[in-house]
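See structure below.
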Amino acid sequence: MNTQLINNQWQAGQGPAFASINPSNGETIWQGNGASAEQVNSAIKAARAAQLQWADTPLEQRITILENFAAQLKEHSEEFAVIIAQETGKPLWETRTEVGAMTGKVAISVKAYNERTGTTENPMPGAKAFIRHKPHGVVAIFGPYNFPGHLPNGHIVPAILAGNTVVFKPSELTPHVAQFTLSLWLKAGLPAGVINLVQGEIETGKALAAHQDIDGLFFTGSSNTGHLLHKQFAGHPGKILALEMGGNNPLIIKDVNDVSAAVHDIIQSGFITSGQRCTCARRVFIENSSNGDAILAKLISATKNIVVDDSFATEQPFMGAMISEKAALGMVAAQNELVAKGAEVLVELKQLKPGTGFVSPGIIDVTNVNDMPDEEHFGPLIKIYRYSDFDSAINEANNTSFGLSAGLLADSENDYNHFLKRIRAGIVNWNRPITGASSAAPFGGIGASGNHRASAYYAADYCAYPVASVESDKVTLPQTLAPGLIIE
């Protein structure tokens with residue numbers, strides 16, 4: 001199978017064979033060979049050869065091609081949603097929203113480019129001052145598996161818009177989505193070499209990240225991989241590195257009158273996408289009060305009733321399969337480890353079908369666990385903390401090396417204002433699920449969740465660098481020379 005796109009030419013990979021498995025049924029839906037180091041090098045060379053001409057292409061023409069891409073997404077939206085569902089196990093209703101987000105990214109990126117990295121002009125005595133922005137050059141983009149279309153798209157669209165060329169390395173778990181995405185870019189009329197695709201596993205990624213001729217790398221994925229990339233780039237200050245990693249995200253509930261609404265937002269925060277969003281609530285803090293008891297009781301009941309089923313079930317489920325059986329078994333193991341530390345299972349997370357990624361959502365009370373690991377358990381397992389003091393709950397919420405998302409469900413605006421001042425996270429929501437983030441706002445975290453390169457609306461910032469200029473249309477001798485200077 002031709003799995004690599006280099007200089008607008010599809011070709012077979014020359015590296016190790018790998019396959020993509022539908023986590024809902026264990027069937028192989030894609031197979032091919034990864035890119036060799038030589039093919040990675042060829043992709044970077046193609047991107048380098050195309051970069052200057054692409055940067056010189058008028059902005060209006062670049063925008064037209066991006067709009068063509070958005071039109072292709074609309075035209076093929078259902079086919080694309082089906083491919084994402086097959087490869088990730090997510091319900092079809094959710095993958096349809098992912099394709100919609102990809103389509104909307106184009107207009108948002110154009111707006112962000114003009115607002116944040118366009119050209120500004122200011123008068124000054126005898127000259128004009130300009131601020132312009134230039135592309136970095138050739139950038140590598142690493143994509144994750146949980147949103148294999150939308151999240152890499154959030155790097156690719158603004159990077160190409162700014163005049164960069166791209167070498168894209170998707171997750172080895174979602175190669176079919178990547179291949180389909182690139183086919184739409186070709187249909188949109190993107191010139192040869194502007195975007196290149198190198199598929200493969202860890203060796204392909206290493207060859208791309210270590211290549212001397214990339215000018216930057218944009219990454220969305222696990223904290224462990226992000227930290228390795230950060231160390232690797234530490235000796236290369238001339239290369240731009242944008243990291244969007246995970247989180248051990250807290251959600252605090254305090255004095256909420258509408259118990260059902262609170263339970264809804266907890267479930268949306270913890271279990272959407274089978275808990276495989278980097279913004280999902282991992283830790284939920286519930287008051288030691290009658291209100292807290294009522295919320296927890298209803299949460300337990302509602303969690304037991306969550307429908308988990310195939311992506312294409314006629315009656316659509318809330319949760320589909322996790323990305324793989326390995327991921328599902330990893331969540332079962334994480335739950336067992338917490339039980340061994342003294343946690344109490346309130347709703348057991350179980351693998352529902354051997355050979356698949358299907359698990360039931362779980363709730364576990366960790367209030368009495370003294371040595372809680374600061375880990376992102378990337379799946380549908382909510383850890384409950386009961387608290388009596390609001391400030392102590394906030395302090396414990398901040399007791400993490402991560403800092404991606406956080407939220408408060410509370411009827412009091414004063415409580416929220418206090419929470420907002422004290423909590424450490426890049427995304428902070430009030431009375432909304434903490435998985436809710438807008439593409440028209442920055443998306444990023446602090447601490448182990450990123451390196452201060454927020455994506456989404458602020459992706460424009462890391463896709464181009466500023467150039468400051470003072471300009472005059474002719475050389476002019478000042479009427480008054482500086483002291484000690486004589487020009488005759």
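Just so you know, the numbers here start at 1 and follow the chain as drawn.
Every residue, even glycine, has its Cβ placed from backbone N, Cα and C.
Record features (Swiss-Prot):
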ACT_SITE  GLU244  active site
ACT_SITE  CYS278  active site
BINDING   GLY221, SER222, SER223, ASN224, THR225, GLY226  NAD(+) binding site
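Residue environment of GLU244 (active site) contains 27 other Cβ atoms, counted within 10 Å of its Cβ in all protein chains. Apart from GLY221, SER222, SER223, ASN224, THR225, GLY226, the NAD(+) site neighbourhood in this chain, defined by C-beta within 8 angstroms of the site C-beta centre, holds PHE219, HIS227, LEU228, LEU229, MET245, GLY246. Listed binding-site residues: SER222, SER223, ASN224, THR225. The one with the lowest count of other Cβ atoms within 10 Å of its Cβ is ASN224. Around GLY226 (NAD(+) binding site), the same-chain residues at least 6 positions away in sequence with a Cβ under 8 Å from its Cβ are PHE219, LEU243, GLU244, MET245, GLY450, ASN451. Counting only same-chain residues six or more apart in sequence, the Cβ atoms lying under 8 angstroms from the Cβ of GLY221 (NAD(+) binding site) belong to PHE142, GLY143, PRO144, SER171, GLU244, MET245. The subset of binding-site residues (SER222, ASN224, THR225) lying with their Cα within 10 Å of the Cα of CYS278 (active site) consists of SER222, given in sequence order. Neighbour count (other Cβ atoms within 10 Å of the Cβ, all protein chains): 28 for CYS278 (active site).
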